[in-house]
Every structure is written in structure tokens, then in C-alpha cells.
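One structure is given below, encoded as C-alpha cells.
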Amino acid sequence: MQIKIKYLDETQTRINKMEQGDWIDLRAAEDVAIKKDEFKLVPLGVAMELPEGYEAHVVPRSSTYKNFGVIQTNSMGVIDESYKGDNDFWFFPAYALRDTKIKKGDRICQFRIMKKMPAVDLIEVDRLGNGDRGGHGSTGTK
């Protein structure tokens, strides 16, 4: 699969083909300082044209909280195929739990390409006809 990618400028670190794993790291496009309890959109310096029928899932790297003390406010970002303009640059929505500095080039999040959900028709019924499994957190408690 080929994906067209545009970089914010010539100083952005180019994304190389991944050698292992299923996720591709993204880097901060500029230095960002965030105070505790502050929200900022961290620019990632890339815009992409995703293939028709696909979307990108963007999540923090496993070390993002440890290294920077930030969490991604929407848990997982979804970028669909329509977000593909020359100025549709990607961002990481960060909420800081401590004062922090993210430097240009720091690996802050990762993404993978996924097929979009097919068209779904929801059919209302009075009963599903299945046994109840249990509530939240009930798996493995019996």
C-alpha cells in the first residue's frame, strides 16, 4: 500500500518504512512547552492522503506518559480518508499531568492504517435471544 505524505517543511524528520511492529511513529514538529493541567495540540508536521476505504488510528506510544507526562485527550484519534488536503496536518491532542517540554523530533505518538467499518444497518428488536454474559469487569471473576 502506498500513502502520499506531505511534510510541513524540509526540517521535519522523514518517516521511514517500519522494520518491525504494526505501528508507525510520529514526531513533534516543533518544540512545545505544556504546563500542568494544560491542553495543547502538538503539531506532527505531516499531512497524508489515505487510500479510499481506510483510516488512520493515532495513539500514544507506550513511553509517552513516562517520558512527557501527557495523555492523549481523545484516547485514540481517528483520521478518515476525507482529511487529505494540503493543509490538513495531523496533531496530537495532549493534556499535561505535569509541566513538560516536548522537543521537535521527539516521538510522541504512533499510527496504523485500518480498513473503515462497512456500512451497517441497525435493526431494532425486543430481544436479542442470547444469554447474558455479565457486567463491566466481570470476565474471569467466577
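Count begins at 1; order follows the chain as displayed.
Here the Cβ of each residue, glycine as well, is placed from N, Cα and C on the backbone.
Residues or ranges marked as active site, proton acceptor in Swiss-Prot (evidence: a curator's inference): Asp80. According to Swiss-Prot, the feature dUMP binding site maps to Ser62, Asn74, Tyr83, Phe91, an assignment based on experimental evidence.
Here the features listed in Swiss-Prot are painted onto the structure.
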residue: Ser62; record: dUMP binding site; DSSP (3 states): coil
residue: Asn74; record: dUMP binding site; DSSP (3 states): coil
residue: Asp80; record: active site, proton acceptor; DSSP (3 states): strand
residue: Phe91; record: dUMP binding site; DSSP (3 states): strand
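The Cβ neighbour count for Asn74 (dUMP binding site), using a 10 Å radius and every protein chain shown, is 12. For Asp80 (active site, proton acceptor), the Cβ neighbour count at a 10 Å cut-off comes to 11, with all displayed protein chains included.
Those residues noted as binding dUMP (Ser62, Asn74, Tyr83, Phe91) have their most widely separated CA atoms at a distance of 26 Å. A gap of 14 Å separates the Cα atoms of Phe91 (dUMP binding site) and the residue listed as 'active site, proton acceptor'.
The Cβ of Ser62 (dUMP binding site) has no same-chain neighbour under 8 Å that is 6 or more residues away in sequence. Just so you know, the Cβ of Phe91 (dUMP binding site) picks up 17 other Cβ atoms within 10 Å once every protein chain is counted.
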